[in-house]
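These notes concern the structure reproduced below.
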Amino acid sequence: MGMVTATAAAALLASPPQGHLGRRCHLVVPGLRLRPPASSSPPHAAPPLRLSNFVPRCYITNVEVDVSHTSEQEALDDHPPLLPACAIPVVHLRDVPDASPFPLHESASHSTDFEELPVLSEGELHTIAATPAHPAGLYALYASYLFGNLVEQLWNFAWPAALAILHPSLLPVAIVGFFTKLSVFIGAPIVGKLMDHFPRIPMYTGLNAVQVATQLISAAMVIYAMKNVTHASTSAVVLKPWFIALVAAGAIERLAGLALGVAMERDWVVLLAGTNRPVALAQANAVLNRLDLVCETVGASVFGLLLSKYHPVTCLKIACGLMICSFPVLVVLGQLINRFSCHALDSSRTPSEESICANLLDVRKIVQNGLSAIRNGWNEYKQQTVLPASVATVFLNFNVALAPGAIMTALLMHRGISPSIVGAFSGLCSIMGLVATFISSSLVERVGILKAGAAGLIVQASLLSVALVVYWTGSISQRTPLLIFLAAIALSRLGHMSYDVVGTQILQTGVPASKANLIGGMEVSISSLAELVMLGMAIIANDVSHFGFLAILSVSSVAGAAWMFCQWLGNPTDEQRELFMFDPHFQVEPI
């Protein structure tokens with residue numbers, strides 16, 4: 001194969017084709033190949049080459065011609081005969097006004113037509129990472145989350161308080177709580193699967209309607225009991241039709257509330273903040289956690305204030321009015337979220353997905369669909385890349401002793417601790433949780449989400465270990481050991497809430513959007529199972545003297561979560577590196 005310049009090519013075209021008649025000439029121009037004349041034509045009278053829709057002039061400067069050896073027949077067979085529509089004029093190089101070559105070596109100065117591609121600076125990249133994809137939609141999400149969560153937290157405080165006023169025994173409250181956890185354990189996977197195959201906005205509206213309806217039914221049952229039920233035994237109360245309806249409505253209400261929480265915290269916030277904007281996503285998660293803590297405090301305070309001034313039935317009627325008013329507001333806010341985010345929440349469904357939805361909603365197959373959803377959810381859950389981070393979250397739910405709650409309150413009251421100290425301890429834990437939401441976003445910005453998660457778990461495990469040592473070595477009835485014990489538990493909430501925020505973001509990053517609700521529902525289901533197990537352990541070890549055993553189990557679960565997460569962080573897989581390629585932990589410093 002020989003390479004000649006365009007000048008030689010012009011000579012070849014002008015000279016008679018004698019010895020090189022069987023050669024084929026390739027010009028480096030797409031779609032243009034010169035054909036030799038037919039064998040029947042005179043050697044010096046080659047017909048002009050014709051091609052339809054070609055430009056009237058063709059200027060070729062310093063173009064190499066690839067002359068390859070081939071047969072004449074192959075050259076003729078490669079292309080069909082050219083159409084006699086447009087002749088291709090052969091222009092000699094001397095006719096071209098400017099035949100200077102275009103310099104391509106590095107030292108040559110290039111034309112301004114070839115501009116350098118813009119490269120973002122580190123500050124600009126940080127600004128993009130901290131800017132949400134849809135800021136207006138995110139603010140609308142905050143408003144919806146605040147309003148809906150406030151009504152939900154108010155009701156979560158109202159129904160146990162009303163049952164406690166109705167009957168002095170704790171058994172009715174315990175039964176409702178048990179079946180609530182059981183419904184979440186069984187129903188969360190199938191609800192999560194249904195949410196993954198159903199449009200977001202209609203599902204959001206439907207879940208809000210179900211939650212408000214079940215809250216109203218529960219309130220109606222309690223009001224009916226307060227007006228009609230007199231002094232009765234515990235067994236007589238739990239077998240009444242109104243109580244059975246209360247249990248069923250409470251279970252459905254909790255399941256709908258958790259489904260809404262999973263949708264907003266695992267799916268919607270990711271779409272609005274942006275999966276590739278880790279700082280903005282961390283800040284959004286922190287805001288949602290702050291709103292949750294504020295709603296939990298304000299909801300309990302508002303209903304407690306109402307109970308101190310009005311009759312319980314009047315307070316429940318006020319709560320019902322808030323529920324009814326909340327529904328249209330939540331529906332409008334859902335539409336605003338979608339509109340402000342340029343309809344990012346719209347999800348078109350294919351016919352196959354619609355058939356899946358119809359199959360899941362078939363009442364005749366409810367048991368089969370439930371078992372299938374649990375099996376499918378478990379298979380998807382254990383195959384996710386960020387499984388250790390999710391399992392660590394489940395392990396943290398085993399800590400029911402060294403955390404603010406009913407067991408800790410019972411322990412302190414049994415030891416004769418002043419109620420004011422108990423109240424101050426609960427308030428301090430809430431403050432630490434609120435502070436942790438600010439710390440977590442700062443940690444993500446400085447060290448990345450993976451190291452921030454490890455730091456939160458290590459801090460919590462270390463401080464709970466200190467509290468356990470203080471409990472076993474000193475009497476918490478004394479002032480100094482008691483203060484150290486309570487301070488260690490309160491400070492451990494910094495690590496707990498930090499990992500709660502960061503762990504949520506890790507799952508948001510690692511779980512695909514098409515499976516976010518299914519895997520999130522499965523995690524909630526397993527967490528409910530963990531709480532049921534620890535509740536059973538607490539029932540078995542119901543004496544306060546066995547608190548040390550429960551404390552050891554709690555510390556062991558938190559330490560196990562920290563060890564598992566650090567092992568996962570220290571031995572990353574290729575898939576994990578690819579998933580968190582922008583995390584500082586996996587970024588290589590430039591040499």
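Each residue, glycine too, has its Cβ placed from N, Cα and C.
These come from Swiss-Prot:
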TRANSIT   1-66  transit peptide
TRANSMEM  159-179  transmembrane segment
TRANSMEM  206-226  transmembrane segment
TRANSMEM  242-262  transmembrane segment
TRANSMEM  293-313  transmembrane segment
TRANSMEM  318-338  transmembrane segment
TRANSMEM  391-411  transmembrane segment
TRANSMEM  419-439  transmembrane segment
TRANSMEM  452-472  transmembrane segment
TRANSMEM  482-502  transmembrane segment
TRANSMEM  518-540  transmembrane segment
TRANSMEM  547-569  transmembrane segment
**Complete:** Beyond a gap of at least 6 residues from its ends, the CB atoms lying under 8 Å from the transmembrane segment (206-226) belong to 148, 151-152, 155, 158-159, 162-163, 165-166, 240, 242-243, 245-246, 249-250, 252-253, 256-257, 259-260, 263, 312-313, 316-317, 319-320, 323-324, 326-327, 330-331, 334
**Message:** How about long-range neighbours of the transmembrane segment (293-313): same chain, 6 or more residues beyond its ends, C-beta under 8 Å?
**Reply:** 146, 149-158, 161-162, 165, 223, 226-227, 319, 430, 433-434, 437
**Prompt:** With the transmembrane segment (547-569) as the reference, which stretch in 391-411, 419-439, 482-502, 518-540 has the largest tally of C-beta pairs below 8 Å?
**Reply:** 391-411
**Message:** Counting a contact as 3 or more Cβ pairs under 8 Å, with residues at least 6 apart in sequence, do the transmembrane segment (391-411) and the transmembrane segment (518-540) touch?
**Reply:** yes
